[in-house]
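In TrEMBL this protein carries:
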{"type": "COMPBIAS", "residues": "310-319", "note": "compositional bias 'Pro residues'"}
{"type": "COMPBIAS", "residues": "320-333", "note": "compositional bias 'Low complexity'"}
{"type": "COMPBIAS", "residues": "370-380", "note": "compositional bias 'Gly residues'"}
{"type": "DOMAIN", "residues": "16-127", "note": "domain 'XLF-like N-terminal'"}
{"type": "REGION", "residues": "182-380", "note": "region 'Disordered'"}
């Protein structure tokens, strides 16, 4: 298989292009003698794919024997490579006027073209160019020559450069060529009438639809109440019931309330035990009622100012009764000895309290006469 080399460009550039149609497919061919040794260079393209073959003198004789076996009587009398190469040169020089080219498929080569011209027949075993070589080959051997030819025809001055792109740029910058290209390609003419180089086409911006202006809203008129209509009276909100009115009492009526128990504090300095009745509570806020004073308090007050008491003292020799309800010296006088089972009326409770106060006062006087004062008794 053949490999293309850039040193073949000069030899192929001097060779003319030959066109042939095979099986409805048009091909461009180039043939040139090998520059250094006996042999030839052959290229074929359809502007999409480029095929190439380089055949040297030793391989020419081998190819000749293969073609002779295939064609039989063809190539009769050609036993040397020089005769084959001369026949190929003559065929290309005549433009293949009486020649025919047929493409054939092959299992080893990329393409096989069989040439017949009179009594001469030849087979080209082609290899496809890969990578960037096809584009470079077409630019050097087709595009650049066409650009130079057009520049000479249009009078366009070309820059002194061996790059194909410089020649193409100079040609397409000409106004006449640019108009001709637009006419052929169907592109719209530019607004300035000149072709701008390397200027990208601006992307059209989408027109923004203006938003409609906000419609002013008229202010609402003030609502004036009608003098004929009387506003409806709102019913009063009933007061919320307190917790004491809603919840049932937790303490039965027969037992004394905690407030009463807490307020019955014994005054050891004055020897006063407030009563558990209604008189021991705070001052009443109801009008028309006067604050009453218990008999025990009146007696103690009288003693403090030196007034004689109407109650005779109890002699100290009398022992305290075992059945008495009085608490001992170590017992808290606030704790009652017996619980009341029945609810008594107000007068009975006051009578019991007065009797209790008398007994306590007598006991206290007895202890004072005996030499002790207070709960601790006589000091030792």
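Placement of Cβ uses the backbone N, Cα and C atoms for every residue, glycine included.
Here the domain 'XLF-like N-terminal' (16-127) has a mean pLDDT of 85 out of 100. Here the domain 'XLF-like N-terminal' (16-127) has, by DSSP, the following mix of helix, strand and coil residues: 28 helix, 50 strand, 34 coil.
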